[in-house]
Amino acid sequence: VLSDKDKTNVKATWSKVGDHASDYVAEALERMFFSFPTTKTYFPHFDLSHGSGQVKGHGKKVGEALTQAVGHLDDLPSALSALSDLHAHKLRVDPVNFKLLSHCLLVTLSSHQPTEFTPEVHASLDKFLSNVSTVLTSKYR
């Protein structure tokens, strides 16, 4: 459960991310594909090379979903219901991959915002991304 302070940290950090969300998520996806090659199996039709338009496009989708989630911190299940259905029933993504992408996104955010990425902010963002992952995998059961 996100505390009020966690929510404040997440909203403040995401407001600083702003228009860079798509780029940061695309960078995190590249980092995930490089660091955890098995994650590539879900994207056999993608050009996964550095700077790929397809990876950037997916980064945009994920970035928009995270922005939507930040705007609905008190009701993530409703805000992400359609994405949860998509990932559970159509795409059948292994739930561990959400954790891997979350980790890579935290690394990416910390590299772009080192001053703002305090241990407290790190913990808040980690909780937020964990909550998003939990919601996205909730319909697997």
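Cβ from N, Cα, C; glycine included.
The domain 'Globin' feature in Swiss-Prot is assigned to 1-141; the stated evidence is sequence analysis.
Taken from Swiss-Prot, the feature phosphoserine covers S3 (among others), and the record attributes it to similarity to another entry. For S3 (phosphoserine), applying a Cβ distance below 8 Å and a minimum sequence separation of six or more within one chain yields no residues.
Using a 10 Å Cβ-Cβ cutoff, T8 (phosphothreonine) registers 14 neighbours. Per Swiss-Prot, the feature phosphothreonine maps to T8 (among others); the stated evidence is similarity to another entry.
Taken from Swiss-Prot, the feature N6-acetyllysine covers K16. Cβ neighbour count for K16 (N6-acetyllysine) (all protein chains, 10 Å cutoff from its Cβ): 12. Following the DSSP three-state reduction, the secondary structure of K16 (N6-acetyllysine) is helix.
Residues near Y24 (phosphotyrosine) in space but far in sequence (CB under 8 A, at least 6 apart, same chain), listed by position: V17, G59, G63, L105, T108, L109, H112. Positions annotated as phosphotyrosine by Swiss-Prot: Y24.
Under the heading phosphoserine, Swiss-Prot lists S35 (among others), citing similarity to another entry as support. Secondary structure from DSSP puts S35 (phosphoserine) in a helix. When Cβ atoms from all protein chains are considered, those within 10 Å of S35 (phosphoserine) total 12, not counting its own.
According to Swiss-Prot, the feature N6-succinyllysine maps to K40 (among others). The Cβ of K40 (N6-succinyllysine) lies under 8 Å from the Cβ of F33, L48, each on the same chain and at least six residues away in sequence. Classification of K40 (N6-succinyllysine) by DSSP places it within a helix.
H58 (O2 binding site) falls within a helix when secondary structure is assigned with DSSP. Taken from Swiss-Prot, the feature O2 binding site covers H58, and the record attributes it to sequence analysis.
Summarising the annotation, Swiss-Prot assigns heme b binding site to H87. Packing around H87 (heme b binding site) is summarised by its Cβ count: 21 other Cβ atoms lie within 10 angstroms of its Cβ, all protein chains included.
Of all Cβ atoms in the protein chains displayed, 19 besides its own lie within 10 Å of the Cβ of S102 (phosphoserine). Taken from Swiss-Prot, the feature phosphoserine applies to S102 (among others).
The phosphothreonine feature in Swiss-Prot is assigned to T108 (among others). All protein chains considered, the CB of T108 (phosphothreonine) has 21 other CB atoms within 10 Å. DSSP gives T108 (phosphothreonine) a helix state.
Sequence annotations record features per position, and here Swiss-Prot assigns phosphoserine to S124 (among others) based on similarity to another entry. Secondary structure at S124 (phosphoserine), taken from DSSP and collapsed to helix, strand or coil, is helix.
DSSP assigns T134 (phosphothreonine) to a helix in the three-state reduction. Note: T134 (phosphothreonine) has no non-local neighbours, i.e. no same-chain residues 6+ apart with C-beta under 8 A of its own C-beta. Summarising the annotation, Swiss-Prot assigns phosphothreonine to T134 (among others) and lists similarity to another entry as the type of evidence.
The Cβ of T137 (phosphothreonine) lies under 8 Å from the Cβ of S84, H87, A88, P95, F98, each on the same chain and at least six residues away in sequence. Feature annotation from Swiss-Prot assigns phosphothreonine to T137 (among others).
According to Swiss-Prot, the feature phosphoserine maps to S138 (among others), an assignment based on similarity to another entry. There are 15 other Cβ atoms within 10 Å of the Cβ belonging to S138 (phosphoserine).
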Report summary line: Sparsest Cβ environment (other Cβ within 10 Å) among recorded positions H58, S124 belongs to H58
Query raised in the report: Restricting the comparison to the modified residues K16, S35, S124, S138, which residue's C-alpha is spatially nearest the C-alpha of T8 (phosphothreonine)?
Result: S124
Query - Cα separation, S138 (phosphoserine) to S102 (phosphoserine) (Å, whole number) - result: 17
